[in-house]
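Participant: Just passing along the structure, written as structure tokens.
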There are 4 protein chains.
Amino acid sequence: MKKDRIKIVTIGGGSSYTPELIEGYIKRKDELPIREIWLVDIEEGKEKLEIVGNLAKRMVEKAGLDWEVHLTLDRREALKDADFVSTQFRVGLLDARIKDERIPLSHGILGQETNGAGGMFKAFRTIPVILDIVNDMKELCPDAWLVNFTNPSGMVTEAVLKYGNFEKVVGLCNVPINHMMSESKLLGKDPEELYFQFAGLNHLHWHKVYDKEGDDVTSLVMEKIFSSENSEMENIKFIPFFQEQIRDLEMLPCGYHRYYYLTNDMLQKELEEFEKNATRAETVKKVEAELFEIYKNPDLKEKPEQLSQRGGTHYSDAACELINSIYNDKRSTMVVSTRNNGALADLPYDCAVEVSSIITAGGPRPNNFGKFKPAQRGLVQVMKAMEEITIEAAVTGDYGKALQAFTINPLVPSGDIARTLLNEMLVAHKKHLPQFKEVIEKIENGELK
Amino acid sequence: MKKDRIKIVTIGGGSSYTPELIEGYIKRKDELPIREIWLVDIEEGKEKLEIVGNLAKRMVEKAGLDWEVHLTLDRREALKDADFVSTQFRVGLLDARIKDERIPLSHGILGQETNGAGGMFKAFRTIPVILDIVNDMKELCPDAWLVNFTNPSGMVTEAVLKYGNFEKVVGLCNVPINHMMSESKLLGKDPEELYFQFAGLNHLHWHKVYDKEGDDVTSLVMEKIFSSENSEMENIKFIPFFQEQIRDLEMLPCGYHRYYYLTNDMLQKELEEFEKNATRAETVKKVEAELFEIYKNPDLKEKPEQLSQRGGTHYSDAACELINSIYNDKRSTMVVSTRNNGALADLPYDCAVEVSSIITAGGPRPNNFGKFKPAQRGLVQVMKAMEEITIEAAVTGDYGKALQAFTINPLVPSGDIARTLLNEMLVAHKKHLPQFKEVIEKIENGELK
Amino acid sequence: MKKDRIKIVTIGGGSSYTPELIEGYIKRKDELPIREIWLVDIEEGKEKLEIVGNLAKRMVEKAGLDWEVHLTLDRREALKDADFVSTQFRVGLLDARIKDERIPLSHGILGQETNGAGGMFKAFRTIPVILDIVNDMKELCPDAWLVNFTNPSGMVTEAVLKYGNFEKVVGLCNVPINHMMSESKLLGKDPEELYFQFAGLNHLHWHKVYDKEGDDVTSLVMEKIFSSENSEMENIKFIPFFQEQIRDLEMLPCGYHRYYYLTNDMLQKELEEFEKNATRAETVKKVEAELFEIYKNPDLKEKPEQLSQRGGTHYSDAACELINSIYNDKRSTMVVSTRNNGALADLPYDCAVEVSSIITAGGPRPNNFGKFKPAQRGLVQVMKAMEEITIEAAVTGDYGKALQAFTINPLVPSGDIARTLLNEMLVAHKKHLPQFKEVIEKIENGELK
Amino acid sequence: MKKDRIKIVTIGGGSSYTPELIEGYIKRKDELPIREIWLVDIEEGKEKLEIVGNLAKRMVEKAGLDWEVHLTLDRREALKDADFVSTQFRVGLLDARIKDERIPLSHGILGQETNGAGGMFKAFRTIPVILDIVNDMKELCPDAWLVNFTNPSGMVTEAVLKYGNFEKVVGLCNVPINHMMSESKLLGKDPEELYFQFAGLNHLHWHKVYDKEGDDVTSLVMEKIFSSENSEMENIKFIPFFQEQIRDLEMLPCGYHRYYYLTNDMLQKELEEFEKNATRAETVKKVEAELFEIYKNPDLKEKPEQLSQRGGTHYSDAACELINSIYNDKRSTMVVSTRNNGALADLPYDCAVEVSSIITAGGPRPNNFGKFKPAQRGLVQVMKAMEEITIEAAVTGDYGKALQAFTINPLVPSGDIARTLLNEMLVAHKKHLPQFKEVIEKIENGELK
């Protein structure tokens, strides 16, 4: 039964993204009858939670809304009877991300906080926590929807489906919406004038574009991109793809494909940043510190312009639209991480995929995609296998599986270097990896080399 | 490039359905900028073509539209530069359908003009003609869409895709829309308030229903149907399904499932009609004769009320809406016959299926469905195999394949009786089965028994 | 660890087949170091057990072997530390089979004790018992192999795999070996000179034949069969297949295919037998009574000639060879029911199929078969679905599932007649259907019609 | 029809392996009734052909056989009416292999003559030639079997199946037989006492081992390997695998897996060899020169001991046994490259796989394998995709596809470095890449960078 007024909970509510989220809700105030917004964080995030939470309160007040905004460190209190739970937390905060990026680079290996060694460790840290949250949800708000935008979003979603046995989960990412907006602009069209078909995994999807006449204009978009000066994604370093290879794909890659298609060049770029202490994580840390200074201003009553430079543009907006589309059965088409069920014929039936879907009151219903060409197929299959093994390692704390996942990941060179890196990262993230406790002790004792 | 004014061709234009089609276009006059409508028929249908064609002209005139309505026996002239071609012809006219129904019944076997012995012969007669039309289209209007509602619509669509190698084809049927309308009514809702997911083959699909809260209300619809007095489909004899079996399906069957789930009871009903010379074909023939008398009236300038009793309600309306949705890239959700591409994981990748799809300017894009439960899976798989073999027999004129198709069809009892029936029907339909010429001669000579 | 001496248990040891089994072991005495043979039966079978058990003892003694032959009604005592357990029991004895065949025929429907209504009831009665046996085995002899030849052998095997969660099971049937022997004879060859590839389900498989030059001689075998006067299977009524249809298959059907390909003709034959009280079950009952008279003769010390007329020729021999091949890792090729694992691409990955396999010490390893042509595919898929639902009904006692299975089975006409038949059979077999207790009470009370 | 005496043709007959092949035939003289052996080579290989061909003649003579040994440069004359054609040629000879290995290493990239950049160029050079040979075979000896052991054997086999449309092809490799022999030794058993199940692609397969009791002894083999001092493959550098990762696989990798599992370490080893001008190709070149000196000795009348150091041990023996098993329908189990047909459920139905198969007169019949665990699945899928694209590039000469294949190959770092390497290798191998003629001209002109 549809409720008249709803309760929305955001875990990791102290995030710098929160003002965008609040703005997104306010923009949809006529469609989304919110009663309560709960921003939840942990002890270490208390200060940020208060800063951003107070900004949120001022924003709601300025909008003349009667919504209650609660700030709490008590997750269970917040979850009680929630209707939607969004997750945007970061276990270990940005310092953990800095390690995710800098340790691999110190070995001359890409960190890549979603699909590389860094992303795998983010999965190791995050999956046990999300499964805890799901356990609480099953008890306290079993009918609520979990809207995850904690990275690695695809793996987190799959973990919830497979190991949490919880179906009402949707994974979100802002990469597809950014592509849709930038490519529409390149063609001089509104996004609604085009039909986009996305298929793949989180941060590893391809898409086709069709116009109002039904014509496939994918190669036209390629042409515009290759003749343009601009990157489609500001937070991915701009290195141009190889035209001949992209044309052979017959689909547009996403920005993150640079890590796969231009691995060595991306590595060189990141090594330069590493040298300058300017990895993405470090940059973000600075930007965030500045943002929180701005948020503190008691006269600030709306999302500040500076947030858009943070890199997650459209992220929170996508989350609000998703909640809106579920609540109101709007059946809008969005690109989300959800259970495959055969929509992508080349991937396991029960895994999570990122695919264009109709968002109904019953959740996402994927458009069928079918089979990829070999070039996409091979890469997406090896990365899905890497994800499956990483998730299993995250759940079991098994060293062999963690090493297996490192070995199979094409962004990590295999061999002694991979093992050394794995061991060093396990020790470095020790505090947030309870499942690997025994393994880490062995490494520290020199029993495991 | 989208055209400013479009040319629509209807093959089998002399059909009694044509007024509904014209009415459908008129209703959409603000969205569909028609320039020419061509109604095509064959010599034997000339009189009907003129009667219904003149009514069409009067309807267009009364609506104050500048559309040209052409009546012709020259199919190639009509096809030249067409934008949409709809097909609603009947090879051998209603007399052939009478044979399709009465010959099997004379042996105590269901005729069933779409999936039974009758439907298989309809496929044998129709497929060579549709492949001819497709050949003409490839030459004269290669960018036009073929909208087929000639039965058996699923097999005809698959033949065009596989043997015509023509991708721009959509098969249509009014069964799904009728279910959506009657079930909405049972729940006291507008169809738009519900989400219907259909999957299967033409005249052999199941569906689930969800409400605005995302809840699966399929079992609620079942309850309403079993406690109601009315059939959902007027042109299917009303015999109630078995509740326990339907509930076990967890999906709603279509009206035609009575032929599979209540085979013996349906047979008894049809045998009664056979005795009274009141098979469906004979009834339709009478209704049509009456309709054409009505159509002749020069004062009639709109679709007469009586047409709705003909049985094909919403058929032509669906066709108009499909054309509208393709032309305007409306992305409405419709249930159509189209290439599977993995949307139904239990059926061959390249076959035609009937499935809820988004209709874009590039044609239907199926919603992913995934896997059926065994009860649906087994039946839909055996019927698809029957369809594949029937199509192959229709294309090759191979007797072994025709007999194979009869043998595997669960609506035809196998053995001597099937062979006798096959032979008798081959001879009876001789005129319209050029591909079986040699086989039929052997039967007539007693060389093939 | 391979044992030096082995213990073999036969459940349903009082069967008339037992002497063939004993003969089979004796023939393999140099390879199979048997220590104990346990023949187990139930109270009602005690007399037969003693008759046949004593014959077994005389046979072993005459062969000069030191094997212990134990006769017991205590299944658990027998199972303790067994190495091989073979099952050939019949719940409800031949009287139940008589009902399985006569009740359907009384409604003008095929009984067919393996795949028709009769076979489904045999599954309903047998599956709970086999699952009980498996539970005992898990406790008392967890490393033993279960060699099942109780019909319906495919469904029983699948039930053990899926619901018993017991992997060491093989289903056996004498149909393939009979085909191999009769077809070799037709070609004037030894079976070893030919290569047979079987694929399908129990009593529903097809095969191809190749000669020593690698040539496909399947069509040559067809030619010989169609020009010969003899049936390949003595216990299936001989009605010739249709040549054109069989040639289109490009594979040889098994004898049981007559039920599917010549349904109506088989029905007429069985109805004649029904009238004369000479259904297969009744004939077998007479033959068995005579056999047991013969077995009683204390001077009989070997398998009597008359047993070969019983119909199960090569059945027990196949079982002995299977045990031999497992025990000695002989890697002989046999056709068995085992888990699919993708060997037949058209069927579910985890179901049981009947397929040519190499028999190793680790059990059967299927030869890969791949995809069928549509004619085989459709039939085998609908029958597998029927099997899955029947097994589920047998395990749960769910009336809707039982009705579903009846509805989907192509050998049972659906509708009121199927429901009436189902209800009548449930009541008739009441004693052996504890899982359907509540359902049967409702039928008897008139609450379920 | 099986012939009384057979004609065997070896293309690349001047290879240093030929004496082993001849020895293999001689060993099987009682089973293989050879009439003629034709050794074919090209102009550049004439001298070697004569040296090794004369040795072959002496070997046959010494064995007292009446076989004719023909040496020819006329491939078509040789192929006429052949029964078996084996291929062991190397387009561009060892100098091309030296480039395949040294050019990548000069960029700090693994050459790897089968699956790395080197192997891809070997495919580019070899596939057009093998397709030419197949064309000749279709005309001159359409019933002959093609036994390929030219590397990359899997890709060559797939090219023949898919683009040559020739079914009678088997790909061979000595890696599986070497594993079987060394692992049997580790367990102190004869190979026949164990059951090996191999599955994967050429040079990328895993296997399980079972003993005579049916127990899976794979982990026992792992234990022996990890506690032993010896490598299983002399021609693969010995670097130990990581125990934890291998145990997680639950299957034994092949020696070539070091390139995938220990990429960086293998690269370091090869770079050392590169520095010393001691890459594998260079070493082989020296060994071969020495071998041919030995072969020249007119008193030498048997395979010299030194050949076994060449690296291809058991290669030719496997080829002889394969021919023997086909000719005599021996049904021995061998590991070969053949069409998948669903034996490996995770790979395309129609691709070539390397899998344990029964070798019949009709060719290999794969044992079913089913699904891999994710760790194997992901790697084998990405490599198969790489193979498919490489083959397509080899057939079409398309630059985008060649770059795509380089990009997706996990042994080649992607980005500018890959493109530079591709371009340099295209130019270096220009003489043997007619299909890339235009592309190479553009590179040389600076039009393609």
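Note: Cβ is positioned from N, Cα and C throughout, glycine not excepted.
Nobody curates TrEMBL annotations by hand; they come from automatic prediction.
OK, TrEMBL features for this one:
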type: BINDING; residues: D:ARG97, D:ASN151; note: substrate binding site
type: SITE; residues: D:GLU113; note: site 'Increases basicity of active site Tyr'
type: BINDING; residues: D:CYS173, D:HIS203; note: Mn(2+) binding site
type: DOMAIN; residues: D:198-412; note: domain 'Glycosyl hydrolase family 4 C-terminal'
Participant: Could you say whether, by DSSP, D:ARG97 (substrate binding site) belongs to a helix, a strand or a coil region?
Facilitator: helix
Participant: Including all protein chains displayed, how many Cβ atoms other than that of D:ASN151 (substrate binding site) lie within 10 Å of its Cβ?
Facilitator: 23
Participant: Cβ-Cβ under 8 Å from D:CYS173 (Mn(2+) binding site), same chain, 6 or more residues apart: which ones?
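Facilitator: Within the chain, D:CYS173 (Mn(2+) binding site) has Cβ neighbours under 8 Å at D:PHE149, D:SER153, D:ASN202, D:HIS203, D:TYR315, D:ALA318, D:VAL335, D:SER337, D:GLU354.
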Participant: Over all shown protein chains, what is the count of other CB atoms within 10 A of the CB belonging to D:HIS203 (Mn(2+) binding site)?
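Facilitator: Around D:HIS203 (Mn(2+) binding site), other Cβ atoms within 10 Å: 25.
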Participant: Can you give me the same-chain residues 6 or more apart in sequence from D:GLU113 (site 'Increases basicity of active site Tyr') with a CB-CB distance under 8 Å?
Facilitator: D:ARG97, D:ASP100, D:GLU101, D:GLY119, D:LYS122, D:ASN151, D:ARG280, D:ALA281
Participant: Using a 10 Å radius around its CB, how many other CB atoms surround D:ARG97 (substrate binding site)?
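Facilitator: There are 23 of them.
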Participant: Across the domain 'Glycosyl hydrolase family 4 C-terminal' (D:198-412), what does the mean pLDDT come to, as a whole number?
Facilitator: 92
